[in-house]
Amino acid sequence: MKIIVLGAGAWGTALALSACSNPAARHTVTLWARDAAQAAVMQARRENVRYLPGVNLPPALGISSARLSDASAAPDSFGRLIDGADLLIVATPMAGLRAMLAHLSACRVPVAWLCKGFEVARSLETLGLLAHEVQAQEAPDLMAGGLSGPSFALEVARGQPTALVAASVHAVVRDTLVAAFHSPTLRVYANDDIVGVEVGGAVKNVLAIAVGLCDGLNLGLNARAALITRGLAEMTRLGVALGARAETFMGLSGLGDLVLTATGDLSRNRQIGLALARGQTLQQAVDSLGHVAEGVYSARTVVQRAAYLGVEMPIAQAVVALLDGQMKPVEAVAALMGRDPANEQP
C-alpha cells in the first residue's frame, strides 16, 4: 500500500514510522513536510529533531517537501507525490485542516485526518466545526474519516502497544485505515460513528486542562476521579446532542483518550493546566510548551456549541473562564464545588 502522511509533526512522524516499520505489510510510506528546511534535516539526519527527537527514521521512510501549489507531473511535484497513493493521511493541526482538504478535494482515494478539536468559528455569526463538518464544506466528495484514540506519539514511535479507532461513514475508509496501520504493536478498531469519535477527541483536550489544573493544585486523587467522571458525562451529553451514539464515549476515543490525556504527563493539554496551577499566564504556558495544545483553541467552541444546543457543561465552562482570565484557578475550583446538589446524570 502506498501511504502519504501530510504533516511532519510528532504524530504524523510517529504514524508514518509505525506504518513503515510493519514487517508484515510492506507499505511504501512517504512523510511530507511543509518546511523544506525541516525535510532536509530529516533526510540528512534520519531524525525529526524538532518534534520527535531521539527516534530514528528508517531508510525506507521517504521524506518530501513538495510544494502544495505544484500539481504538475514533475518528479518533485506535490501532484506526483500523491499520484497513485492508496491512502492520504492529513497530520496537520485543526487550524490547517481546511486548507489541506481544499488541496485534496479532487482525490478519489481514502483520506483520513489525525487532528482532534474544533475549528475556531470563522465569524461572530458562525459556530466552530468538527473535522467532518469542515470536510463537508471544503471537500464534500472525499471518502474521508479520522484516526483517533489514546495515543502519545512518542510511544507509538517506540513501538509500544497502542489501540486506535478508525472512524468513517465509508466502509472503504475504515477498512483501508485498518489495513494500513494494524500491526503487532498497533491495534486498530473500526467505528462508523464519526461524530462521536470526533467529539471525544475534541472535548477530552479541554477536560485534560481541568485535570492538569487539579493535579497542579494538589487537590488529590478523589478530585481527579470526579473531574474525569463528570467530564465524561459532559462529553457524552454534547456528543449525543450532536448526533453521536452514547456508547461511543465508553470506547477508545472517549473514555480511553480522556484518561490518557488527562493523566499522562506527555499530554500537552494537561501541561497547560499544570502550568496555570503554578501561576503562569496562558501565554507563558503556551510559549513554554512549544507545541499546539488543541484544548486551548477548542475550549470556547465547545462551550459555544453546547450553549447553542442547550447542553450543560460546567467543567468546560470553568476552563474557558480560566483561559480567558475571568477566574483564578482556586476560584474555578470553588465555582464547580459550589454548584447546587443534583441527581447524578450521565
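Even glycines carry a Cβ here, placed using N, Cα and C.
According to Swiss-Prot, Lys116, Gly149, Ser151, Lys204, Ser267, Arg268, Asn269 bind sn-glycerol 3-phosphate; the candidate from Asp215, Asp257 that the record adds to this site is Asp257. Separation of the C-alpha atoms of Asn269 (sn-glycerol 3-phosphate binding site) and Glu294 (NADPH binding site): 7 Å, rounded to the nearest whole number. Most Cβ neighbours within 10 Å among the binding-site residues Ala153, Val292: this distinction goes to Ala153. For Ser151 (sn-glycerol 3-phosphate binding site), the count of additional Cβ atoms within 10 Å of its Cβ stands at 24 [all protein chains shown].
Our reading of the sn-glycerol 3-phosphate binding annotation (Lys116, Gly149, Ser151, Lys204, Asp257, Ser267, Arg268, Asn269) yields a largest Cα to Cα distance of 15 angstrom. Taking CA atoms as the reference points, Trp11 (NADPH binding site) and Gly149 (sn-glycerol 3-phosphate binding site) are 12 Å apart. A 10 Å radius around the C-alpha of Asp257 (sn-glycerol 3-phosphate binding site) takes in these recorded positions out of Arg34, Lys204, Arg268, in sequence order: Lys204. Other Cβ atoms within 10 Å of the Cβ of Arg268 (NADPH binding site), summed over all protein chains shown, number 22.
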